[in-house]
Amino acid sequence: MFGEQLLKNPLIEFCDSVCRGCGQVMFQNNTVTGLLFFAGIFYNSTTLGVCAVLGTAASTLTAQLLGVDKPLVRAGLFGFNGTLAGIALPFFFNYEPAMLGYVALNGAFTTIIMASLLNFLGKWGVPALTAPFVLATWLLMFGVYKLSLFHPGALIAPALPSVAGLADMGTVTGRTFMEGLFKGVGEVMFQDNIVTGVIFVVAILVNSRISALFAVIGSLVGLCTALIMHSPETPVRLGLYGFNSVLCGIAMGGIFFYLNIRTFLYALGCMVLGAIATGAFSVLLSPIGMPALTWPFIVVTWLFLFAGSMFRNIAQVPTEKAGTPEDNLRSLAIGSR
């Protein structure tokens, strides 16, 4: 009773929406999950933590001010792209206090793009995923090169693809798997920290055991796919081939498809392709100094979702009804009675 009254307070309601927005980065509509995600980011970097909160708050507030349907805002669906957009700027550019205004601007811009994509993709029942974050961030990053707003970091220096870097393959050890597994989860939000990765897995576990399992499976599949395809050890250990597969795994592992053996194998294929696409888009974009971000996850997941409507042997969850994998299975069981 007290909790319900507390949530009616506009400030508390807004903070709850912000936390849920952060949780939705990995499809978790849960306040505690979002708080733990924020905690994991702050554990790794105070600067990235502040920008994550600011970006999420900016995108959520913009949605409220523009009159987006309240249930969508309260579920955090207009917050998660702001989270990623907020973190990306200080991650790829040398941080300075003036950047905070652009963090808020980037977060707010994701709301405009999100609304546009929902109107466009909603006709086919396909979610926008993290496309608003990628499009908004790419636009601002390209602008930085022309307008010299900030100083780009070493991570986005233009470079032609070369096989010379493949000469030093490194040695795969147990450390490669341990670090790569959890850093793959952490890198979903640009966190190169094994403890943060563990916190993220626990945060997902709070809301869904199945999603937590698929996050770990996705990271492992991305890691193994990269090693099988003879990737150098360092990017694998850093989780750089895991994070897109993590998102593919969670999305396909019971969120947008009812989970069974067929959809598990379908999700597995999506995870493998997510890792391959990570390498492909990284090569494609490196000459212009742009990071692939979560674009590999977006493209591969969209392909699998659009294709899913053609396959009679896998049952797709209507986008507007998608919940946790456990909730989706319960709904399916009730509907079949």
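Glycine residues also receive a Cβ, built from the backbone N, Cα and C atoms like all the rest.
Listed features, source Swiss-Prot:
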| type | residues | note |
| --- | --- | --- |
| TOPO_DOM | 1-10 | topological domain 'Cytoplasmic' |
| INTRAMEM | 11-26 | intramembrane segment |
| INTRAMEM | 31-43 | intramembrane segment |
| TRANSMEM | 47-66 | transmembrane segment |
| TRANSMEM | 71-93 | transmembrane segment |
| TRANSMEM | 99-121 | transmembrane segment |
| TRANSMEM | 126-146 | transmembrane segment |
| INTRAMEM | 172-189 | intramembrane segment |
| INTRAMEM | 194-205 | intramembrane segment |
| TRANSMEM | 210-229 | transmembrane segment |
| TRANSMEM | 238-258 | transmembrane segment |
| TRANSMEM | 264-285 | transmembrane segment |
| TRANSMEM | 288-308 | transmembrane segment |
| SITE | T294 | site 'Important for channel permeability' |
| TOPO_DOM | 309-337 | topological domain 'Cytoplasmic' |
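Between the transmembrane segment (210-229) and the transmembrane segment (126-146) there are fewer than 3 Cβ pairs closer than 8 Å, counting only pairs 6 or more residues apart in sequence, which means the two stretches are not in contact. The highest tally of CB pairs under 8 A with the transmembrane segment (264-285), across 47-66, 71-93, 99-121, 126-146, 238-258, is held by 238-258. DSSP places the residues of the topological domain 'Cytoplasmic' (309-337) in helix, strand and coil in these numbers: 14 helix, 1 strand, 14 coil.
For the transmembrane segment (71-93), the residues of the chain that approach it from at least six positions outside its boundaries are 13, 16-25, 29, 34, 37, 41, 47-48, 51-60, 62-64, 99, 102-104, 106-111, 113-114, 130, 132-133, 136-137, 140-141, 144, 150-153, 155-156, 189-190, 291, 293-294, judged by C-beta separation under 8 angstroms.
Within its own chain, the intramembrane segment (194-205) has Cβ neighbours under 8 Å at 23, 26, 28, 32-34, 36-37, 39-41, 43-44, 178-179, 181-188, 211-212, 215-216, 239, 250, counting only residues six or more beyond its boundaries.
Beyond the transmembrane segment (288-308), the same-chain residues lying 6 or more positions past its ends with a Cβ under 8 Å from any Cβ of the stretch are 84, 88, 92, 124, 126-127, 129-131, 133-134, 137-138, 141-142, 145, 152, 155-159, 188, 243-245, 247-248, 251-252, 256-257, 266, 269-270, 273-274, 277-278, 280-282, 314, 316. Long-range neighbours of the transmembrane segment (99-121) within the same chain, counting only residues 6 or more positions beyond its ends whose Cβ lies under 8 Å from a Cβ of the stretch, are 50-51, 54-59, 61-63, 66, 68, 77-78, 81-82, 85-86, 88-90, 93, 127-128, 131-133, 135-137, 139-140, 149-150. For the topological domain 'Cytoplasmic' (309-337), the model's average pLDDT works out to 87.
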